[in-house]
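Engineer: Take this structure first; my questions come after.
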Amino acid sequence: MDNSSRTVVVTGFGPFGEHTVNASWVAVQEMKKLGLGSNVDLHVHEVPVEYQKVQSLVPSLWKQYQPWLLVHVGVSGMATTVTLEKCGRNHGYKVLDNSSFCPDSQCCIVGGPDCINSVIDMDSVCKRVTASGLGVVVSVSKDAGRYLCDFTYYTSLYLSHGRSAFVHVPPLGKPYSGEELGRALQAIIREMLELLDQAEEKMHC
């Protein structure tokens with residue numbers, strides 16, 4: 001399928017806590033340098049680690065760009081692999097953000113489903129990227145952590161009916177450089193776009 005008009009938005013997070021330089025935003029900037037090919041209109045945005053900012057920014061990204069895919073990238077201090085998150089969860093947001101705030105409801109969308117899965121088959125993306133010999137270990141997870149990463153992902157999944165993705169990266173140098181993470185993101189997002197194209201072709205057969 002011709003994807004000459006594909007718009008893709010990729011976000012990374014700003015500093016928080018011990019992450020004075022957020023590996024996710026570094027990785028997104030490195031991926032932006034590499035690009036996703038001449039047939040993809042790529043936009044990147046830094047997301048503040050604040051619930052209320054996310055509640056306004058994520059809908060505005062969907063409205064402004066109407067992207068084919070929106071990929072959020074976050075850092076996990078516990079991660080040693082690049083991790084593809086299968087789903088976002090609505091409840092359990094108790095940890096304060098950079099402005100010492102958390103939602104009174106402790107949820108993303110009042111009345112929304114408990115969990116929303118991405119339409120993208122993350123197991124398949126993981127297998128395909130691993131088979132490509134990239135040199136970066138990729139894994140899959142069902143728990144994005146109940147902080148701003150999970151909050152952002154659920155909000156995006158809710159707005160897009162599942163047409164979003166989330167990738168967790170480890171901190172810089174543990175073990176990968178920003179350049180390596182950027183290459184990994186490029187490969188992962190290309191595979192996601194390929195799977196979305198294949199799904200579209202099946203629908204139109």
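Every residue, even glycine, has its Cβ placed from backbone N, Cα and C.
The following feature annotations were taken from TrEMBL:
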- GLU85: active site (ACT_SITE)
- CYS149: active site (ACT_SITE)
Engineer: In Å, rounded, how far does the Cα of CYS149 (active site) sit from the Cα of GLU85 (active site)?
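Structural biologist: The separation of the Cα atoms works out to 10 Å.
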Engineer: Using a Cβ cut-off under 8 Å and a sequence separation of 6 or more, which residues in the same chain sit near GLU85 (active site)?
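Structural biologist: Those within reach of GLU85 (active site), by Cβ under 8 Å and sequence separation of 6 or more, are SER118, MET122, VAL140, SER141, LYS142, ASP143, ALA144, CYS149, TYR153, ALA165, PHE166, VAL167, HIS168.
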